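Read the structure below first, then the notes.
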Amino acid sequence: ILNSFQKDEL
Amino acid sequence: MNIFRLLGDISHLLAIIILLRKIWMSRSCAGISGKSQLLFGLVYTTRYLDLITSYISLYNSVMKVVFLAASYATIYLMYVKFKATYDHNHDTFRIEFLVVPAVALALLINHDFQVVEILWTFSIYLESVAILPQLFMVSKTGEAESITSHYLFALGVYRGLYLLNWIYRFWAEDHYDLIAIVAGVVQTVLYCDFFYLYITKVLRGKKLQLPA
């Protein structure tokens, strides 16, 4: 599963 | 943080400021789609809920507050203060055709079936099509003021720069988010014909006139 990287983007 | 994302955020901020300033200085929202602005307000509201819960960086928090505040201010100016100048007749895109599929898709395709994640996914899908009412309005009126086209250009470039940011992050940090990337590609592609018109016309000092 693609890791939904920590939402550090706007 | 990388240069592509920083330039993207600056371009995004520039777009929002250009629009807010245009409406405020001209005291008119002629030629601007209020529906797109409502969708952007919904995008930022559903995406930046984590403003309260998780702290990533001062930059991240400040930008989220600025985007939310500017978005709400624009909606206020369009639907309350300068309501009389709002062009109902040309802002007719049925936004339920954008919101409903975005909700459905967010429930079907997401990374994690949690409320915050579903809302984030919804905001990503909605943002990719949120500009359609505005582009539709420009096509209906057949033209756009140059300041509006600068706004659209900055807004289109922002997500295009994010695509470069995702390529960089895949290469440098070895992770990627396919949901954000696919939606970002769709979003940027929607601007392509506008980019063509902007570069061939507006940058040559002509008015943005769509071929009738």
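A Cβ is built for glycine as well, from the same backbone N, Cα and C atoms used for every other residue.
Residues or ranges marked as transmembrane segment in TrEMBL: B:62-80 (among others). Residues 9, 12-13, 16-17, 19-20, 23-24, 29, 32, 34, 37-38, 40-41, 44-45, 48, 51, 86 of the same chain, all 6+ positions outside the transmembrane segment (B:62-80), place their C-beta atoms under 8 angstroms from a C-beta of that stretch.
Panel annotation: around the transmembrane segment (B:92-109), residues 33, 35, 38-39, 42, 118-119, 121-122, 125-126, 129-130, 132-133, 136-137, 140, 179 of the same chain, lying at least six beyond its termini, place a Cβ under 8 Å from a Cβ of the stretch. Sequence annotations record features per position, and here TrEMBL assigns transmembrane segment to B:92-109 (among others).
Tertiary proximity for the transmembrane segment (B:115-138) is limited to same-chain residues at least six positions away from its ends with a CB under 8 Å from its CB atoms, namely 31-33, 35-36, 39-40, 42-44, 46-47, 49-50, 53, 87, 90-93, 95, 98-99, 101-103, 105-107, 109, 144, 148, 152, 155-156, 159, 179-180, 183-184, 186-187, 190-191, 194, 208, 210. Taken from TrEMBL, the feature transmembrane segment applies to B:115-138 (among others).
Positions annotated as transmembrane segment by TrEMBL: B:150-172 (among others).
According to TrEMBL, the transmembrane segment annotation covers B:178-199 (among others).
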